[in-house]
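Accompanying notes for the structure given below.
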Amino acid sequence: MHLIDYLLLLLVGLLALSHGQLHVEHDGESCSNSSHQQILETGEGSPSLKIAPANADFAFRFYYLIASETPGKNIFFSPLSISAAYAMLSLGACSHSRSQILEGLGFNLTELSESDVHRGFQHLLHTLNLPGHGLETRVGSALFLSHNLKFLAKFLNDTMTFYEAKLFHTNFYDTVGTIQLINDHVKKETRGKIVDLVSELKKDVLMVLVNYIYFKALWEKPFISSRTTPKDFYVDENTTVRVPMMLQDQEHHWYLHDRYLPCSVLRMDYKGDTTVFFILPNQGKMGEIEEVLTPEMLMRWNNLLQKRNFYKKLELHFPKFSISGSYVLDQILPRLGFTDLFSKRADLSGITKQQKLEASKSFHKATLDVDEAGTEAAAATSFAIKFFSAQTNRHILRFNRPFLVVIFSTSTQSVLFLGKVVDPTKQ
């Protein structure tokens, strides 16, 4: 049967009242300089390609920080989900808060205008949400707004225009009803994969921002479930776990052993225009490879793996598993340049003039599942690599130790997901 892959990402940010500092309501304009325009261009000049370098830079900066603080742990997140959510939030930020958000996301505002950023995301989300054969990607946002508060029309219109956000008004004093409203929407949009995302809310919350990515794709070259058998996976020198290992031995794949770096790289394609890179460091060299893991290095590997001499027949051993990642963004992002957003210095007056808002809590959850049965699966794997050519001239790749994974949209040049699989038996 075909291997079906699901990747689901949720990011939730909560904006709550700061203590005191209430403003009298009056009509006003958002601080954003964006202007409404439908952007449908494609090719090298498309708006989404203008923001791709900054998005990639943010992805790897976020990864470095997480990896340095959680050595020996699985990592999995969607940089695109985080970037889109906070770029959308910047529509309601003013003065220093707006520039801190956009610069924290990696955008050089002397080279790229704010309008370019938002039109870039508009084009990116539109492109990813287009239907495709064998590939379904759904990227969406929702704003849950207090029914007692008057929000600026420009902020609401811009979030819908550029980020395809859906708006819901709710009574946050009815915490049970609001939690159910949020969770029901998330459950519906993720096809039931994410349930009970929000477990509690404080009564002083005025707005909840939700961003999600749902990804479902078929491998170009699927596995056969009857060939899956239990095998060892070597977490480290002292830890070995058993995992169901899939097998494929009649197909050609794109892979290389880097002559300058201690790692091997495998590229596997989904139907559609999405690709996944699996990067396997040599034994004990994970830290060395993480240090050179940059957007430029990813492009170098991608360019090399276009050459025919790297297309070879493989005996491929590939584990099936489930992992997830949960991150408290209000603790992480201040170290990436978002210095004021989660403090009383935050200026979110482009959202409403009625109350002073501050971002209180923000978290991100990502899940990745892999199996070959054609039910629910996802894109992540780990492997070790060996070469045997003396008798059969066949290369053997055994995915049996920690590796890195990058899931990449070719048409938008965007890193959709980034992670590290250290122990595939850990959720």
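Along the chain as shown, the residues are counted starting at 1.
Every residue gets a Cβ built from N, Cα and C, even glycine.
Under the heading signal peptide, Swiss-Prot lists 1-20, citing sequence analysis as support. Annotated N-linked glycosylation site per Swiss-Prot: Asn33, Asn108, Asn157, Asn238, in sequence order.
Cβ neighbour density within 10 Å is lowest for Asn238 among the glycosylation sites Asn108, Asn157, Asn238. Rounded to a whole number, the distance between the Cα atoms of Asn108 (N-linked glycosylation site) and Asn238 (N-linked glycosylation site) is 45 Å. A gap of 25 Å separates the Cα atoms of Asn108 (N-linked glycosylation site) and Asn157 (N-linked glycosylation site).
According to DSSP, Asn157 (N-linked glycosylation site) is assigned to a helical segment.
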